[in-house]
Amino acid sequence: MSTKTSREIALERRKAMSDGGKKAALHSSSTKDRVRSSQDINSTGATSSNKKVLTSPSKSNIPANKIARKSTSSKLSSKELGIERRKAMSTHGKSAINSSDRTRTDVKSDIKVNKVISTEKPQALKDHNNNIKDNQVVKQNIKRRINQKRKPITNTSRDIVLARREAQSKHGKSASKQNTSAASLARRGDPDLSSREISQRVRELRSKTGSTSKQGNGKCRPCGPNKNGSKLNIADASWKVGKSETDSGQTVTGTQANRSLKTTGNEASTCRTVTGTQYMGAEVTGQFCQDKPKYKQPIRASVTTTTSGNKVTGNEVGRSEKVTGDEPGTCKNLTGTEYISANQSKKYCGEVIKKPSKVMQSITTDGLKVSGSLPGRSSLVTGDESGSGKQLTGDQYLGSEPSPKGKSFEKVGSYDTLNGNNVTGTGVGRSDYVTGNEYGSCKNLTGDEYIGSQQYEKFCGSTPKPEARKVGLSLSSKSNLISGTMTGRSKIVTGDEPGSCKVLTGTPYAGLDQINDNCNAEIADDMKSRATVNSGNNSNARLTGLQPGIGGVMTGATKGSCKNLTGTPYIGGDQFLSNCETPPNDASYANQEKSASNSWKEFSVNSPSREKYSAKNTEGVTGNRYEDSSKITGPFDMAEDKVTGTEQFRFEPNKNMTYKQKMKQEESQNIDIPTDKKEPSKITGEGQSAGNITGDDWDRGDKVTGTEGVSARKRNPSRAGFMGAMPPVDNKRNDETEKPDFLITGSSGNTRDGQLVTFSGGARG
């Protein structure tokens, strides 16, 4: 038990903090003495500071396990409960508070104070126990009535708010959706009420306040069908704010006080002339009166026009025929604000003298409006002639009427370069008003062009040629824009003529403008037709294999089959032409192989049942097709004079013919075929049917050997067969051949008399 007063404990604590800081204050004796029990109240309160007990201070603290943390409210008084609570909080903080509800109970038992074990001497403990016994007042049990006096509920806002708060503290937000009737409010206030007591309170409330205390549960009131049919008359209901027109032509809005057929007693004075403000519409007199009444009162607010054209509204104060004495000064010119209308001056004076306006409107030379006091030159003012005809820089504040000769200087100019580009900004070119900038004004400079072509037209006799564009624009054969450094054929560069007018496979890097400028019309049309635009699945090329074709027996494939789709084309051009009426692209195929000479049906193996099925459906889904022949035997699909394999290798049926026989047959075919018809393609698959093949820069010709033609058929068979399948070896070509017209640049030179190179046969001089 502490024997020090609170003042002594505070002084010791402050001294310890000044010497060692906050950590020293935690281990000081004053901190231990701050834990006080219920017995310290009487001892410290009875002993004054003048009469100190000369006892040694207790150095041992009360053990924490001996402190009664849990104390019931039924055994301690409110004062002792407060002391125990504060003592527990000073030792363990807020975690020592374990009481869930601080509401006191109605019945209290005898006060029993827990004994606090102290470590003081027995004599001091005995003295303190005597003091506690003398000062302790034993309270007897007081019997209270459990059933309190019933208080009638009154449906006031305070009771509703209290009940709502209590319900929300228990049930949360869901309590706001509960019923708010008188019975529910009574049950919330006292949950222990019986149904008989609740009904008594409700009847008592209704006897005082009537049926106004009845409240639903927030739902809509029940309503049945409208038997009277008032909903049909909603369109004919009267509007709260009406609109009518007076006899003078003005519009009046608001609550209509007009005569109505549904109202009796307002017939009197309907058709009479009434003085004052007219608040009845003209439609009333037209409906109920035979003769329209004449209103003799003048219009309070009139609208007149001044000599400058401005409108003036308000009380008209001009000259009148009904007023005498206002004739003097009618036709005189007055200074100041004009409040007399121009109509009055024209009526009595015969002419209207236009007066100058304070605020004027004008238009600049650029078409912008300027309003305000125009400080332009006037014939009535002398001394403003100086500089009136000169051209000024800056913002234009004069109108178009007093504008000087010429146009004012613009801050931001617009110029055109030699290439046709537009340049805006402050002009830095040559000017008549600046001297010293003549040098080099007519010379052609390299670099960015920031001077407009107007300077050359004004100061120089001729316009220089524009420089080559750094970034050019061209149009590819597939209608795509190509921008960047132009790598096509140029008139300034020599040696780029070969191959410029030939069809190349791969990505086009030269535009159509190069073809139109350097090639003839026939070659240009040929190159354009071979490089058709393929949009989506609308490709001109035939496709073989497992493909979702259109036009067959499969249902559901016709939807969207004739539309342009993006992505990889999976429908051939032949299917597109046969099923769609108007294909979006050219009907010519990319691979110039005619169906007459190379039929697609020649490359398939069909059984009799298959042929019968193909006669019924010729546009179905295709698969791996082989040569159409009934002589194919063996496990490797080999036949007489044929080599099977992929579709990229097609060979002539007669390979046992000699070279001369083949040449004669080709000449006879060339005579029969017209010149416009092009020979069938020798390259199938990914390559084009004619033209140059990019890559290692080799050209196709009649005198050049390579990976195609008769020699290729001998040297590169797809599969090695038996000896009977190989044709005999033909004699080598040793006849004199004509020299080609084209030149091949590189190691062979660049002149026409230079060496001619064939890729398979080596160099030839």
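Cβ coordinates come from backbone N, Cα and C, glycine included.
Swiss-Prot lists 38-63 with the feature compositional bias 'Polar residues'. Annotation comment: Swiss-Prot describes 1-107, 165-229, 306-328, 367-413, 611-637, 656-765 as region 'Disordered'. Residues or ranges marked as region 'N-terminal domain' in Swiss-Prot: 1-215. Positions annotated as region 'Middle region' by Swiss-Prot, on the basis of a curator's inference: 216-586. Annotation source Swiss-Prot lists region 'C-terminal domain' at 589-734, citing a curator's inference. The region 'C-terminal peptide' annotation in Swiss-Prot covers 735-765. According to Swiss-Prot, the feature repeat 'N-repeat 3' maps to 158-173. Here Swiss-Prot flags 300-349 as repeat 'M-repeat 2', drawing on experimental evidence. Residues or ranges marked as repeat 'M-repeat 3' by Swiss-Prot on the basis of experimental evidence: 358-397.
Summed and averaged per residue, pLDDT over the repeat 'M-repeat 3' (358-397) gives 72. DSSP assignment over the repeat 'N-repeat 3' (158-173) gives 16 helix, 0 strand, 0 coil. DSSP states for the repeat 'M-repeat 2' (300-349), grouped as helix (H, G, I), strand (E, B) and coil, give 7 helix, 8 strand, 35 coil.
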